[in-house]
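Undergrad: Before anything else, here's the structure in question.
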Amino acid sequence: MIFFLLKRCNMGHEHNHNHSHSNKKVLFFAFFITTLFALLEVIYGFITGSLLLLSEGGHMLSDGLSLGLAFFAVVLATKAATATKMFGYKRAEPIAAFLNGLGLIAIPIFVICEAVKRLIYGSGQILSKEMLVVAAIGLVVNLAVAFALSRGEKDNINVRAAALHVLADLLSSVSTIIVSLLIMFFDFTIIDPIASIIVSLIILSGGWKITRESLNILMEGKPKGFDVEELKKEILNVDGVSTIEDIKVWSLSGDSHYLNAHITISDETKYKEIMENLHELTHKYELRETVQITY
């Protein structure tokens with residue numbers, strides 16, 4: 001005989017709703033400030049002749065677009081499920097994170113190529129004073145945006161991808177300040193492309209991590225850090241459970257995890273008790289479960 005138990009864990013609904021509202025506010029603020037200053041940096045990158053400042057401005061402009069995409073994804077993810085989108089729009093968040101991750105890979109590669117050209121052919125004249133002023137303002141802007149994003153949800157992959165973009169900008173701002181001082185006092189122009197390569201490699205590493213993690217979600221891989229074998233042991237320890245025929249755990253987004261399991265029980269009279277124990281177990285793991293029970 002077969003029973004189907006379908007329970008969706010709602011313990012975090014209100015909590016997630018509050019987080020989504022918070023995420024929307026911080027992402028919109030970050031998008032507006034970052035895009036505005038990015039345009040200023042790009043303009044002054046051309047004026048000063050600094051590749052590092054230009055690459056930082058270009059990266060911040062990309063960040064502005066990425067933050068806008070992240071904001072749109074969070075707004076979309078809060079939409080309710082429909083007759084055609086039965087899981088809602090939660091997948092918008094990992095899709096946005098994946099696209100942001102690709103941006104964090106593509107931009108550093110472009111900057112590295114430009115930096116290598118400058119190492120070979122020379123950097124030309126760089127206006128270090130103007131470069132220093134713009135970089136200092138950029139540092140303040142990035143610190144403000146980083147503080148805003150720190151108030152968002154830490155486990156949301158979309159917010160984390162956005163935060164990684166801003167962290168990359170912070171590194172760029174600090175390195176640009178140091179480089180501008182070295183050029184100003186020592187005329188050490190070769191440091192500009194060298195610093196660009198170093199910062200780009202750091203950004204590239206983070207971009208690869210975010211891209212890989214978001215792709216894992218899109219491919220319905222096992223959630224990061226989730227121990228399926230430990231979950232199996234705990235299910236088998238539930239009184240009345242005989243065997244686990246099949247079990248799958250996957251993520252719809254960075255903070256929405258699902259369980260699909262088929263188990264066999266030894267005593268049908270304990271069906272209700274087993275259901276309650278399984279629900280408590282999946283509640284502990286923060287899983288929305290669909291369990292097929294046979295006996």
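We count from 1, first residue shown onward.
In case you wondered, yes, glycine gets a Cβ from its N, Cα and C as well.
Curation plays no part in TrEMBL annotations; they are all automatic predictions.
Look at TrEMBL and you will find 26-53, 65-83, 95-112, 132-150, 162-184, 190-210 tagged as transmembrane segment. As annotated by TrEMBL, domain 'Cation efflux protein transmembrane' applies to 27-219. The feature domain 'Cation efflux protein cytoplasmic' is assigned by TrEMBL to 223-283.
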Undergrad: Compare 65-83, 95-112, 132-150, 162-184, 190-210 by their Cβ pairs under 8 Å to the transmembrane segment (26-53) and return the stretch that comes out on top.
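TA: Answer, by Cβ pair count: 132-150.
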Undergrad: Cβ under 8 Å, sequence separation of at least 6 from the ends of the transmembrane segment (190-210): give me the contacting residues as numbers and ranges.
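TA: Counting only partners 6 or more residues beyond its ends, the transmembrane segment (190-210) has Cβ contacts under 8 Å with 50-52, 55, 59, 97, 100-105, 107-109, 111-112, 114-116, 118-119, 123, 126, 157, 160-161, 164, 167-168, 171-172, 175-176, 178-179, 182-183.
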Undergrad: Applying the under-8 angstroms CB criterion, which one of 65-83, 95-112, 132-150 scores highest with the transmembrane segment (162-184)?
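TA: Stretch with the highest Cβ contact count: 132-150.
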Undergrad: Using DSSP, tally how many residues of the domain 'Cation efflux protein cytoplasmic' (223-283) sit in helix, strand and coil.
TA: 25 helix, 23 strand, 13 coil
Undergrad: Across the whole of the domain 'Cation efflux protein cytoplasmic' (223-283), what does the mean pLDDT come to? Round it, please.
TA: 86
